[in-house]
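Please read the structure below before turning to the comments.
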């Protein structure tokens, strides 16, 4: 403990504790506290006309507030909610919102300005002094409290009757468990939910814009297409949960430009299907540079090279975008050859 | 009791109605003893003391407007097809939450205004708390007896961030949904329990159909309830401790000098509430905030560019964006350091500032009460530390908007990110050194002013042709103000041998404390304030000019 306490000699000697207010700085104390300076009167304190002016200013502000409130009510009644107006330099904005905001703003601001002006110019500005008292209780109070506590604790017999004490602590420790258990049904266990998506062998790739299956010839080099698995409709219950994992990004790269062997194998003649969900924290990725084959996540700027297994080439993502293995079915439409072989989206503890 | 003294004058029926009501209340609530201590309570005046008021008032505005919004908002993720008055969204599938936000914005008269006041006030609330916290930090107002109030304030700041975040997520628009997805991704990175927390929070896989309703009860009940309690406790402690004040003539550690609550601060503070509210209403009327109708409803496979959180989450966003994507795979598990480290850093970085008062009081070993504020220059190491903290915070704020910075200033996103990565480590160090030098320079100037007077700018030619600048001596008030601050001496380890000649073991904590104390109060870290002897020597030497 002693090491934590600063020895008294190291504490500073404060200017203000050594001497109280002194009227004149004498030879011995050139830096002494001269005490509160005499109060200086404002113009309003000595000139009644100035005071009257202040009064009128305050009253004017309060009146302005009243007028603005009337303006607020009038705008509310008179201006149709859908009316748009052009106001320089704000552009085309809602007339009602503008009118209500300005009138309410003035109505409130004027009250505040009036009150502050009143306080600053007319209310007494003479500085007053309050004494501070130590927050700590005096020793005799402390002793009394400690004695009372000991008395109370003794009378409770808590310390003496260990059986009561221990069982009480046990009960109090256990009872919150009920509350914890009740939280169990907040959601299901993770199990392998994050490992599977709506994709499986034979599922057609459906263009997100046209809602039609796609032929290889629909996809030209340099294009970017978003796709979903067949049978997934946005009106379906649970569509959002499924699309959050199954969303697909399709690009076509000249097979010669594809650097990674597996990437090429899993493609169909250079048509590559990657998960659209960023492996960082799960934003959909959609900024594609067709010349470099880089794709950038607009949320945290992770950059992936689609021609090279979607490797991370910049930014905070930790692993490549999963690639979906695709082929063409008998009718010539693009289809998935399997589900993703790894979990899509952000990494997690059980991912491995 | 104060009531006894006025018993005789209470002839019922004759007293004015107001007094009779007050008597009635006093008989049941004892309001007179409360009023006796507080009605004419003295508050010191300084512009920086109103920063906390801004926070209080914007908090009240948020509660008022928030209650109004709950009357119209439907916290539900049921999918509906939109057929409201906003033409571009006709026929779109969206959650009821988003649809009702559109209704508030386009069909409820004044709904848009209240929504925008609510959001603007939230942004102001957080900014106000940040600046208020800096004020308290840099003036040392967190020292005993106010450490606990510092923690209350800190908790308000952190809870404010989460309340803001949950509220921002409620409209279920494309941008806020992206923010929620980001949060879910961050939760997944937590080792061992990440997937479980995510499943429990979202009622299954992301996004599910539960989070709006769950965030809603967190946003309107749980967090604001706790915050309201903390705000009340914060204010009670401000009253109980009495406000701090800056040193000056007549202002000591044992008094508080200023104006009384009634009438001056009633009018000023009450008026200031209206000023803040009026200002917020004005900007809500002219400046659009969070125009969710431009963004569209949330779909987990869609996103827009320039995705940004509200400013107070920008720091966390920056940490996430700047962090390299480290992932460690072992024994079938993944440690997602690239996301988890920013998550932990976010907490640690805030915790440092929360614990600072206790660290400083351990270094100084000072157990006295402090009611006189420090000028930041007179606590150079603390000030430098604070500026370093703010620098790191600001650099991460830039990091959080690295895409915006890149597109607006035509810079490479990679270069901006690398600047942030390096700046996060180098910036605070540079800021620390520079701030400390500036503080010491200002201390020297103060010392110079006390000893030699103020430079008047008047050049005088002496009879023998020499030119000198006339220095005006300071008034006694100024002199007192500039020398009133305390200066600590560095703590020493103390004798390592006791009176019996036995060597004691010097603990590591003692050594650390002595080192830190030297860093805070050593010769390098403060300019000794002018002594009476120095002053006398100089003034008697050549007298006053």
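Using the three backbone atoms N, Cα and C, a Cβ is placed for every residue, glycine included.
Nobody curates TrEMBL annotations by hand; they come from automatic prediction.
Per TrEMBL, domain 'Cytochrome b/b6 N-terminal region profile' is recorded for B:21-247.
Annotation comment: TrEMBL describes B:49-73 (among others) as transmembrane segment.
Through the fold, the transmembrane segment (B:117-138) approaches residues 48, 51-52, 54-55, 58-59, 61-62, 65-66, 69, 150, 153-154, 156-157, 160-161, 163-164, 167, 276, 280-281, 283-284, 287, 289-290, 310-312, 353, 356, 374, 376, 382-383, 386, 390 of its own chain, all at least 6 residues removed from its boundaries and within a Cβ separation under 8 Å. The transmembrane segment feature in TrEMBL is assigned to B:117-138 (among others).
Positions annotated as transmembrane segment by TrEMBL: B:150-170 (among others).
Here TrEMBL flags B:182-203 (among others) as transmembrane segment. Same-chain residues lying 6+ beyond the ends of the transmembrane segment (B:182-203) with a Cβ under 8 Å from its Cβ atoms: 165, 209-211, 214, 317, 320, 335-336, 338-340, 342-343.
Counting only same-chain residues 6+ beyond the ends of the transmembrane segment (B:215-240), those with a CB under 8 A from a CB of the stretch are 38, 41, 52, 56, 59, 63, 66, 70, 73, 75, 146, 148-149, 152-153, 155-156, 159-160, 162-163, 166-167, 169-170. Summarising the annotation, TrEMBL assigns transmembrane segment to B:215-240 (among others).
Per TrEMBL, transmembrane segment is recorded for B:272-293 (among others). A Cβ distance under 8 Å defines the sequence-distant neighbours of the transmembrane segment (B:272-293), meaning residues of its chain 6+ beyond its ends; these are 50, 53-54, 57-58, 60-61, 86, 88-89, 98, 101-102, 105-106, 113, 116-117, 119-121, 123-124, 168, 171, 173, 175-176.
The feature transmembrane segment is assigned by TrEMBL to B:330-358 (among others).
Sequence annotations record features per position, and here TrEMBL assigns transmembrane segment to B:379-398 (among others). Residues 134, 137-138, 140, 311, 314-316, 318-319, 322, 349, 352-353, 356, 360, 405, 416, 419-420, 423-424, 427-433, 435-436, 439-440, 443, 519-521, 525-526 of the same chain lie 6+ residues outside the transmembrane segment (B:379-398) yet bring a C-beta within less than 8 angstroms of a C-beta in it.
Annotation source TrEMBL lists transmembrane segment at B:418-435 (among others). Residues 318, 321-322, 324, 380, 383-385, 387-392, 395-396, 398-399, 402 of the same chain lie 6 or more positions beyond the ends of the transmembrane segment (B:418-435) yet place their CB under 8 Å from a CB of it.
Same-chain neighbours of the transmembrane segment (B:330-358): 133, 137, 142-143, 146-147, 150-151, 154, 158, 185-186, 188-191, 194, 315-316, 319-320, 322-324, 385, 389, 392-393, counting only residues six or more beyond its ends whose CB sits under 8 Å from a CB of the stretch. Confidence in the domain 'Cytochrome b/b6 N-terminal region profile' (B:21-247), given as mean pLDDT, stands at 96.
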